[in-house]
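Heads up: the structure comes next, in structure tokens.
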Amino acid sequence: KPQLVASNDRFCRFLEEYCPVVTETYYPTIWCWEGRVQTLLRPFITSRPQVQYRNELIKTADGGQISLDWFDNNGSLYYPDASTRPTVLLLPGLTGTSKESYILHMIHQSETLGYRCVVFNNRGIAGEDLLTPRTYCAANTEDLEAVIHHVHSLHPSAPFMAAGVSMGGMLLLNYLGKTGRDTPLMAAAIFSAGWNVFESVESLEKPLNWLLFNYYLTTCLQSSISRHRQMLEKLFDMDLVMKARTVREFDTQFTSVMFGYRTIDDYYEDASPCRKLKSVGIPVLCLNSVDDVFSPGHAIPVETAKQNANIALVLTSCGGHIGFLEGIWPRKCTYMDRVFKQFVQAMFEHGNKVFSM
């Protein structure tokens, strides 16, 4: 059974009644239960539901642009009125876009419930051009704030939630820690977030983890900016950036410099959501596996979470990073997908009961 960590008894009772998956035993796929194996295999095993997006490019205050992919769900039987159709903002991981299988599955789950989804693609990674020499990071929430304001302004009467995966979850938590209750979001779901970036990079630099994940992730980061080399060369020594062999080296040469941090440690401290958890002012459900090498179990801020009545942690012993595979042949639905579906439905349809039970 997952460990449910929540200091608020009413929030616990709400989850037990309307999101019972968090109290059910999670049975990982028997032939790939180990965390690293789950992490590696999920992108290849899980299906990719067909989703037709409507793309929108929005301008930012600094002259840049952000690509949003909308799933309007205009065929919604439960919410035929678009003005009040519940909306879920989805934030993919570090180099992820709206094409990631875990995002497609969240949209598929939302479609069956009648909800609308919009995917926030970080700058420069979804095929659009960089108009300024700036990309994104886990600590800077300006682009996310602009997107949330934009989506809310389009549908001010629609209930509004967000779900973030991996770095998307870290960014969302950092935004919520900054804004407190001053947000149009009614709740949020977080999956496989890295809570303490120092612990995450240290775990990823262990020899086997570097071989399996760190080097590949670094090349993905380099690939995501190489298309924009001409724009970025105005500010960076791109030859040096392209020589990075770890995420830490990439962040030292590129990310921390881009966002004005004096040192890499300053950036990693600011990017770590565990520092801002006490300030979150809306109900948030966070799913982590304690065998996630991207977010090691000992770094999950259990005691800090207990100090905020808005936070509930769901901790599984297996599942890896965005894995949570279950069943003999885990093609379709993962444990993470079921948590997402039940929690967003619970909040949209019974959210007024969260703190009144």
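Placed from the backbone N, Cα and C atoms, the Cβ positions cover glycine too.
Here is what TrEMBL says about this protein:
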DOMAIN    86-327  domain 'AB hydrolase-1'
ACT_SITE  S166  active site, charge relay system
ACT_SITE  D292  active site, charge relay system
ACT_SITE  H321  active site, charge relay system
Integer average pLDDT (0 to 100) for the domain 'AB hydrolase-1' (86-327): 97
Neighbour tally for D292 (active site, charge relay system), based on other Cβ positions within 10 Å of its Cβ: 28
For H321 (active site, charge relay system), nearby residues of its own chain (Cβ under 8 Å, 6 or more apart in sequence): G35, Q38, T39, S166, S192, S289, D292, V293, F294, S295
All-chain count of other Cβ atoms within 10 Å of S166 (active site, charge relay system): 26
